[in-house]
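> Below are the features I grabbed from Swiss-Prot:
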{"type": "TOPO_DOM", "residues": "1-31", "note": "topological domain 'Cytoplasmic'"}
{"type": "TRANSMEM", "residues": "32-52", "note": "transmembrane segment"}
{"type": "TOPO_DOM", "residues": "53-79", "note": "topological domain 'Extracellular'"}
{"type": "CARBOHYD", "residues": "ASN56", "note": "N-linked glycosylation site"}
{"type": "TRANSMEM", "residues": "80-100", "note": "transmembrane segment"}
{"type": "TOPO_DOM", "residues": "101-112", "note": "topological domain 'Cytoplasmic'"}
{"type": "TRANSMEM", "residues": "113-133", "note": "transmembrane segment"}
{"type": "TOPO_DOM", "residues": "134-166", "note": "topological domain 'Extracellular'"}
{"type": "TRANSMEM", "residues": "167-187", "note": "transmembrane segment"}
{"type": "TOPO_DOM", "residues": "188-192", "note": "topological domain 'Cytoplasmic'"}
Amino acid sequence: MTKDVVVEHGESSKAPLVAAPAASGVGRAASVADVFLRFLAIVGTIASAISMGTTNETLPFFTQFIQFEAKYSDLPSFTFFVAANAVVCTYLVLSIPLSIVHIVRPRARYSRLVLVFFDAAMLTLLTAGASAAAAIVYLAHKGNVRANWFAICQQFDSFCERISGSLIGSFAAMVLLIMLIFLSAFALARRH
């Protein structure tokens with residue numbers, strides 16, 4: 001009777017190989033949840049980028065010859081917001097195949113570490129973009145009397161509704177990225 005021996009990578013043995021135990025259902029469920037959360041975050045970031053990127057409003061002033069226009073591209077914070085959401089959305093789309101690999105191979109450790117690292121980097125970028133835009137949205141709604149910055153939302157109501165609404169998808173994507181990081185950390189911790 002021969003004794004079964006597990007052979008690790010780089011070792012040789014004449015003993016028969018023993019297959020690693022099948023992945024548990026919990027690891028596979030976590031990987032499926034990972035893919036689902038990535039799709040939701042893609043929807044949030046692309047909706048925010050499109051909503052902010054297509055925002056503009058023109059108001060006539062006494063005559064048709066003089067008009068005031070509010071566009072997202074007039075403010076660098078909004079431009080950064082659109083760029084940050086576009087970069088994060090692109091990353092999320094590109095990370096889907098790697099996330100799908102985790103459904104097939106739930107024990108893949110290094111690829112999960114890569115995802116945790118880049119998820120954290122994208123969370124940082126998205127937080128910076130959303131925070132910059134949120135500060136300007138607040139000024140658009142409330143103004144700053146001490147700096148003589150007047151609120152513009154009484155005049156540009158459609159513009160303000162769009163820029164405020166675009167923040168929702170971005171903040172939702174931030175929460176989803178936090179959940180993705182915790183999910184990956186949980187999957188990595190289960191192996192030790």
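Every residue gets a Cβ built from N, Cα and C, even glycine.
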> Return the residues near the residue listed as 'N-linked glycosylation site', defined as same-chain residues 6+ apart in sequence whose C-beta is under 8 angstroms from its C-beta, sorted by sequence, else 'none'.
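Once residues fewer than 6 apart are set aside, the residue listed as 'N-linked glycosylation site' is near GLU69, ALA70, LYS71, TYR72, PHE159.
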> As a quick check of your reading of DSSP, tell me how many residues in the topological domain 'Extracellular' (134-166) are helical, how many are strand and how many are coil.
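Looking at the topological domain 'Extracellular' (134-166) with DSSP, the answer is 22 helix, 2 strand, 9 coil.
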> In the same chain, which residue numbers or ranges, 6 or more beyond the ends of the topological domain 'Extracellular' (134-166), come under 8 angstroms Cβ to Cβ?
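Distant contacts of the topological domain 'Extracellular' (134-166): 47-49, 51-52, 54-57, 59, 68, 70, 72, 75, 77-78, 81.
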